[in-house]
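Student: Found this in TrEMBL, in case it helps:
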TRANSMEM  A:40-59  transmembrane segment
TRANSMEM  A:71-94  transmembrane segment
TRANSMEM  A:114-133  transmembrane segment
TRANSMEM  A:145-166  transmembrane segment
TRANSMEM  A:192-211  transmembrane segment
TRANSMEM  A:218-239  transmembrane segment
TRANSMEM  A:274-298  transmembrane segment
TRANSMEM  A:305-328  transmembrane segment
TRANSMEM  A:334-354  transmembrane segment
Amino acid sequence: MDHTKGMLGIREFFAIILVTIGTKLTDNTPTGLFNEVGNAAWITIIIMCLVSIIPIYLLTKVITSYENKNLVDIIYHLLGKHIGFFVILLLWLTETYSIVLSSAMYADIIETMYFVRTPILIIYIVLIGVAAYGAKKGIEYIGSAAWITLIGLNIALFVVLILSILQGRINYIFPIFGNGIPEILTEGTTNLSIFGEFLYFGFIVTSLRSINVYKKGIWIGLFYVSIVFMFALIGYVMLFDYVSIGNLNYPFHESIRYIQLGFLTNVESLFLPFWLVASFLRFSFYLYISALLFGALFKIKQFNYLVPSIAILIVFLGLIPEAPVFSLFNLREILVYITAPIFLLLPLVLWIAAKLKGEFKK
Amino acid sequence: MKNRPCISHFPFLIFVLLLLSGCWDQTNIDKRAYVIAIGLDKGEKNKINITYLISNPEFSKQEGPSSEPSHEIITFPANDFISAKNTANSIVAKEITYNMLSVMIVSEEFSKDPEFIRYMYDVTKDREIKHNNPLVVTKEDVSTFLTENKPKLETRIHKYFEFILENANKAGLIPSFKLHSYFSITESDAGLFLAPYATTQRTTSGKYTAGEDEFLAGELD
């Protein structure tokens, strides 16, 4: 038997990166950007990509200098037992908070855009139930499922993007800097949380086939996701113009309702399954990471068994916000301001600690 | 013997088919009334008059029409056209749906009203109204327009608007602007939205336009 069985190769790792971060362009993340910087939102993605090179480079440097240790062990090793515990707790809290918010948002998307009469509780239970099943199965299953669906997802996404760019108007992307360069720079750095998940990929590094997979996958993933994100934002703004897009909460779903595929007019039901699969995989990965971090906090080896209880907790927490369209949008703003500094500073702190301990000399 | 688990699992897939019917959101075609055109007129005291053109789905069958009329037109006052769906149910027995909506028609008087865009914003709030529906402006009230407008050959009214708008646009008689561009043009300042203009009133002067074909390129100022 192959000893690498059950480990993630570069394909699966890349697929996970794309599914977890790429699906963000289909929820209300772009609306937040468009509200702040107008039609230059796609330039902020470039800024974000360039800024996040620094933390990702530092993180990769730290992670590659250890063999067979994931980020949890590295944090405990470098920061000590007490500070390490605090840092992991912080990461677990932000991660779980973000699952609650985004899953509530996705349930809201499904409810408002597709299944109007179905109670939100049922939609939510199905969404989290499927995701919890995937997370319970483990990261290998999430990885291979992501890889299998990756081609379909990409084709669906590119059909949507090409159609919206073809049916849009090129002059809507001008003035090219939107509300001005200072806004672009500040928004580009404060909204870094879009790429904040790159931190969490460090936790599955021991499930990867080798450290090179991590090194290569994370860079390819970062640039691919940034390019796709950029084109998606260009597509939206070309289709809707910058004023209307600020009023649309879920631009992706509005654009698949608007575009026409030749003689087919109602194409949204064609793209819905792909989007659903991507969301299931995204939440599977999130739940897996949440269980892993919780397991690391309280020294639980078999953290797979934590997934169902975390899932139930998430369903009940996510049902609390009323009028989700507005409340989730504001709650997400808080999350954005918390996770951006964590994503920027934690790799730096780890790198400095590793440098002081002389880990890189070995 | 190796294949046996696969085959024995297969019948369970049939049960998955039951899920396809859905639970809450299942709807029957014959239980809904399909609005083909919504007409908006200015009413009294900040209210609007809404006209529905409801198509008879029986007319899309191949076997030929029954004795029922091809469509029904109703006009009633309302606050907006989302709550109007429920108001209309006092006359129409079936559930009103905008799924097959193919055109929105506004009277000229109402379209000049500064409050008009406020009523139009309901379009963005109703998920059934697609943003690629055309917006047509009529000279008279929409309720008169829809009752007067009787296409002789196209009794299947849900195809009539689609065809006439498509072909008139091909001929260059009308612009092809949709609800979607109505919002993006009106919201950004200094824009002018151009909508197709329709009427059932014959103009009194039936003369030909003088010298319509006698221009060379660049001559027209």
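Glycine too: its Cβ is placed from the backbone N, Cα and C atoms.
Bear in mind that TrEMBL entries carry predicted annotations, made automatically and left uncurated.
Distances, neighbours, how buried they are, the whole picture for these features please.
Tutor: If you look at the transmembrane segment (A:40-59), the same-chain residues 6 or more away from its ends with a CB under 8 A from one of its CBs are 30, 33-34, 173, 175-179, 183-185, 187-189, 191-192, 194-195, 198-199, 202, 218-219, 222-223, 226, 229-231, 233-234, 237, 343-344, 346-348, 350-351.
Sequence-remote contacts of a segment are chain residues at least 6 beyond its ends whose Cβ falls under 8 Å from one of its Cβ atoms, and for the transmembrane segment (A:114-133) they are 103-104, 106-108, 268, 272, 279-280, 282-284, 286-287, 307-308, 310-311, 314-315, 318-319.
Cβ atoms under 8 Å from those of the transmembrane segment (A:145-166) belong to residues 11-12, 14-16, 18-19, 22, 134, 228, 231-232, 234-236, 238-239, 252, 255-256, 258-261, 270-271, 274-275, 277-278, 281, 284 of the same chain, restricted to positions at least 6 beyond its ends.
Within its own chain, the transmembrane segment (A:192-211) has Cβ neighbours under 8 Å at 4, 7-10, 13, 16-17, 20-21, 24, 29, 45, 48-49, 51-52, 55-56, 59, 63-64, 67-72, 74, 91, 95, 139-140, 143, 217-218, 221-222, 225, 229, 289, 292-293, 335-336, 338-340, 342-344, 346-347, counting only residues six or more beyond its boundaries.
Proximity of distant same-chain residues to the transmembrane segment (A:218-239), defined by a Cβ-Cβ separation under 8 Å and at least 6 residues beyond the stretch ends, is recorded for 10, 13-14, 17-18, 21-22, 24-25, 30, 33-34, 39, 41-42, 45-46, 48-49, 52-53, 56, 60, 157, 160-161, 164-165, 167-170, 172-173, 194-195, 198, 201, 245, 251-252, 255, 258-259.
Non-local neighbours of the transmembrane segment (A:334-354) in the same chain are 32, 51-52, 54-56, 58-59, 61-62, 65, 74-75, 78-79, 87, 90-91, 94, 97-98, 101, 189-193, 195-196, 198-199, 360; each lies 6+ residues outside the stretch with a CB under 8 Å from one of its CB atoms.
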